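All remarks here apply to the structure that follows.
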Amino acid sequence: MSESVSKSSQPLASKQEKDGTEKRGRGRPRKQPSVSPGTALVGSQKEPSEVPTPKRPRGRPKGSKNKGTAKTRKVTTTPGRKPRGRPKKLEKEEEEGISQESSEEEQ
């Protein structure tokens, strides 16, 4: 009886080893580089000195943090087109708004 137990444990261990080598990770499997006959001919025709174009960088450009503040940029609105977003208050309008609020409280 002890012999049968030892025999059953050995095949299980060997199966786990095989599975472990076949299925490593849970993620997406890596794409295997396949060489088709059509692409092999094109590759041999290319010049070895030709450098492939590098991929464009993603995300924010490196120097974008060093831009000037919003005050230095001049916003030009074309006539006949509504400005987008919340309208900006000018200093004159802010003073008028304060004076109107105080007069309403008095009444």
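The backbone N, Cα and C atoms fix where each Cβ goes, glycine too.
Here the structure is a predicted model, which means the values were calculated and not measured.
Here Swiss-Prot flags 1-107 as region 'Disordered'.
Per Swiss-Prot, the feature compositional bias 'Polar residues' maps to 1-13.
Per Swiss-Prot, N-acetylserine is recorded for Ser2, and the stated evidence type is similarity to another entry.
The N6-acetyllysine annotation in Swiss-Prot covers Lys7 (among others) and rests on similarity to another entry.
Among the features that Swiss-Prot reports, ADP-ribosylserine is placed at Ser8 (among others), with the record citing similarity to another entry.
Among the features that Swiss-Prot reports, phosphoserine is placed at Ser9 (among others), with the record citing similarity to another entry.
Here Swiss-Prot flags Lys15 as SUMO2 cross-link.
DSSP assigns Arg26 (asymmetric dimethylarginine) to coil in the three-state reduction, outside any helix or strand. For Arg26 (asymmetric dimethylarginine), no same-chain residue 6+ apart in sequence has a C-beta under 8 angstroms from its C-beta. Residues or ranges marked as asymmetric dimethylarginine by Swiss-Prot on the basis of similarity to another entry: Arg26 (among others).
Here Swiss-Prot flags Arg26 as symmetric dimethylarginine, drawing on similarity to another entry.
Residues or ranges marked as phosphothreonine in Swiss-Prot: Thr39 (among others).
The feature phosphoserine is assigned by Swiss-Prot to Ser44 (among others), with similarity to another entry given as support.
According to DSSP, Thr53 (phosphothreonine) sits in a coil region rather than a helix or strand. Within 10 Å of the C-beta of Thr53 (phosphothreonine) there are 6 other C-beta atoms, taking all protein chains into account. Residues annotated as phosphothreonine in Swiss-Prot: Thr53 (among others).
Among the features that Swiss-Prot reports, compositional bias 'Basic residues' is placed at 55-74.
Feature annotation from Swiss-Prot assigns omega-N-methylarginine to Arg58 (among others). The Cβ neighbour count for Arg58 (omega-N-methylarginine), using a 10 Å radius and every protein chain shown, is 5.
Taken from Swiss-Prot, the feature phosphothreonine applies to Thr78 (among others), supported by similarity to another entry.
Here Swiss-Prot flags Ser103 (among others) as phosphoserine.
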